[in-house]
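Here is what Swiss-Prot says about this protein:
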{"type": "BINDING", "residues": "LYS12, SER171, ASP172, THR213, GLY214, GLY215, MET216, LYS217, THR218, LYS219", "note": "ATP binding site"}
{"type": "BINDING", "residues": "SER52, ASP139, ASN151", "note": "substrate binding site"}
{"type": "DOMAIN", "residues": "277-354", "note": "domain 'PUA'"}
Amino acid sequence: MYLKDSKIIVIKIGSSLLIDDKKKVRRKWLTEFAKDIQELIKQNKKVIIVSSGAIAMGCKKLNISKKNLKIDKSQAVASIGQIELMNLFSETFVKLKINISQILLTLEDTEQRRRALNAKRTFDNLFKLGFVPIVNENDTIATSEIKYGDNDRLASRVAQISGADSLILLSDVDGLYTHNPKIYKNAKLIKEIRNIDKDIEKIATKSISEHGTGGMKTKIDAAKICQLSGCQMVIANGLVNRPIKKITEENKCTWFLPKVSKLDARKKWIISSVSPKGALIIDDGAKQALSNGKSLLAAGIKKVSGRFSKGDHIKVLDKNNYECARGLSSFSSNEIEKIMGHHSKEIEKLLGYISKSEVIHKDDIVEV
């Protein structure tokens with residue numbers, strides 16, 4: 001499909017695209033990028049921009065280095081830089097009559113289904129009003145425990161929530177190479193990836209840019225989420241003028257094709273949870289039942305790992321600790337420890353109150 005047939009497109013911009021190594025804002029680049037957005041809008045495509053740069057812009061304003069910033073200070077710097085960042089977008093986009101809005105998200109906003117659905121409605125309403133949402137992680141309130149840490153994975157969740165057809169990750173590299181192209185001259189660009197296997201993960205290398213926190217590993221993680229959400233993803237070099245136009249004309253990039261055409265919206269959200277709260281280790285019989293589309297019952301659970309509450313995302317592991325599924329638990333970890341290994345009819349007696357018979361209902365579990 002690539003971009004031609006995409007109705008909703010999410011575009012992620014890295015900090016290194018907005019600010020160069022000398023801490024100068026790339027205004028000319030942003031103007032050319034805005035022309036790409038204008039062209040997409042003319043094609044009746046809905047666009048969301050996920051932009052890094054709040055902390056980088058804050059550091060520029062304060063004339064300090066981003067390196068070794070502690071999280072409390074980085075939150076203050078982000079607060080300063082966020083205004084600078086949005087002013088930059090506003091000044092540039094208004095010249096092309098592109099209306100923009102701002103959305104700040106945290107990890108919890110995409111992990112909790114109610115918040116995720118609220119975000120979806122907000123995106124839909126902004127599209128109807130003719131606005132281009134500009135999204136960033138809310139660095140001013142996010143802590144290390146509830147933080148994405150990079151905008152690649154945030155962009156993949158935004159793509160998932162908004163129902164996007166394509167996610168474009170613009171970076172300082174052309175895509176995924178067989179080796180690090182900055183070191184090996186014989187490195188070859190991988191044009192298309194259908195399956196992210198161990199070999200693909202192995203060759204993912206870290207970015208060495210001054211302002212970016214991502215690197216190829218986080219882009220691979222983002223691709224996994226997209227592939228399981230029916231969304232295609234592309235990694236492309238954004239340092240060129242008109243980067244979106246370059247993708248369509250030259251295709252010098254790496255495309256990750258979706259594994260599925262469509263997943264139930266609820267299961268999309270379950271499968272790509274960034275931070276499962278715990279895990280259940282199950283026996284072979286329970287694993288086979290899951291493969292047959294059945295619910296997970298207490299009788300097949302051998303061990304509980306971690307502390308979690310009813311409704312939390314959890315992993316399901318087989319006896320070899322291999323992740324075979326993810327789901328939403330109908331019980332807390334304390335409750336499961338009391339009922340595991342027992343028949344469903346015994347649950348009321350063991351807990352002292354009436355509850356569900358399934359630890360994870362079949363509608364709330366997805367095999368991985």
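A Cβ is built for glycine as well, from the same backbone N, Cα and C atoms used for every other residue.
Features as recorded by Swiss-Prot, highlighted on the structure.
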{"residue": "LYS12", "record": "ATP binding site", "DSSP (3 states)": "strand"}
{"residue": "SER52", "record": "substrate binding site", "DSSP (3 states)": "coil"}
{"residue": "ASN151", "record": "substrate binding site", "DSSP (3 states)": "helix"}
{"residue": "ASP172", "record": "ATP binding site", "DSSP (3 states)": "coil"}
{"residue": "MET216", "record": "ATP binding site", "DSSP (3 states)": "helix"}
| request: Could you please provide the mean pLDDT value for the domain 'PUA' (277-354)? | output: 95
| message | Between THR218 (ATP binding site) and SER52 (substrate binding site), how many Å separate their Cα atoms? | response | 14
| query | How many Å separate the Cα atoms of ASN151 (substrate binding site) and MET216 (ATP binding site)? | reply | 12
| task | Across all the protein chains here, work out how many other Cβ atoms are within 10 Å of the Cβ of LYS12 (ATP binding site). | result | 31
| request: For the binding-site residues SER52, ASN151, THR218, work out the Cβ neighbour count at 10 Å and name the residue with the minimum. | output: THR218
| message | Spatially, which candidate from the binding-site residues LYS12, ASP172, MET216 is nearest to SER52 (substrate binding site), comparing Cα atoms? | response | LYS12
| field | Neighbour count (Cβ, 10 Å) for ASP172 (ATP binding site) | value | 17
| task | Have a look around MET216 (ATP binding site) and count the other CB atoms within 10 A of its CB, chains all included. | result | 23
| field | Tally of residues which DSSP labels helix, strand or coil - the domain 'PUA' (277-354) | value | 26 helix, 23 strand, 29 coil
